[in-house]
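So that you can see what the record holds, here are the features copied from TrEMBL:
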type: BINDING; residues: R41, S49, K166, G167, R168, P169, H170; note: 3'-phosphoadenylyl sulfate binding site
type: DISULFID; residues: C149-C161; note: disulfide bond
type: DOMAIN; residues: 30-186; note: domain 'Sulfotransferase'
Amino acid sequence: MPRTLEGQITMEKTPSYFVTKEAPRRIYNMSRDTKLIVVVRNPVTRAISDYTQTLSKNPTIPSFQALAFKNISTGLIDTSWSAVRIGIYAKHLDNWLQYFPLSKFLFVSGERLVSDPAGEMGRVQDFLGLKRVVTDKHFYFNETKGFPCLKKPEGGSKPRCLGKSKGRPHPKIDGQVVQRLREFYRPFNMKFYQMTGQDFGWD
């Protein structure tokens with residue numbers, strides 16, 4: 001990481017940090033004062049979104065159902081599939097809490113980031129000790145993508161929106177498969193709500 005001067009904040013983002021076993025120790029050894037922001041969303045939606053992205057790059061992969069279940073007739077979920085494993089947030093947070101106290105974390109709701117981007121960004125700015133400069137006036141809702149986007153910055157050429165890989169329509173997944181995944185994640189979600197002191201309303 002580059003050196004940070006007084007009054008500066010250095011930021012970096014990598015989605016895989018939260019689920020990588022070695023990451024908390026390495027980050028702690030680099031700087032135990034690091035503040036950690038984790039964006040989470042309903043793990044069922046997250047798994048389907050993950051699959052959608054993989055499917056767009058490799059259309060010959062097996063069906064979502066074939067990958068999600070070890071045994072479809074017993075309903076046994078395959079937790080070795082990364083799309084499923086990543087959504088077991090309580091397990092990953094357990095690993096991080098061995099190095100960092102909960103006060104070093106801000107958990108951002110992916111759903112609220114879409115429904116109220118300014119509100120969630122307000123929480124981020126507060127957590128980082130920044131003045132609230134990003135507000136409602138900086139966002140507009142992109143109907144095509146189904147996401148809020150940043151308005152054109154002063155003197156900028158065009159609005160900033162999520163890339164082509166975001167906002168893709170999800171494939172139709174059988175309702176029973178979705179229900180079984182909901183049941184699978186429920187105890188992990190409850191534990192995560194308890195650990196963070198936040199109810200994300202995924203059930």
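Glycine too: its Cβ is placed from the backbone N, Cα and C atoms.
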Return the residues near P169 (3'-phosphoadenylyl sulfate binding site) by Cβ distance under 8 Å, restricted to its own chain and a separation of at least 6 in sequence.
T52
How many whole Å apart are the CA atoms of S49 (3'-phosphoadenylyl sulfate binding site) and C161 (disulfide bond)?
18
For H170 (3'-phosphoadenylyl sulfate binding site) and C161 (disulfide bond), determine the Cα separation and express it in whole Å.
19
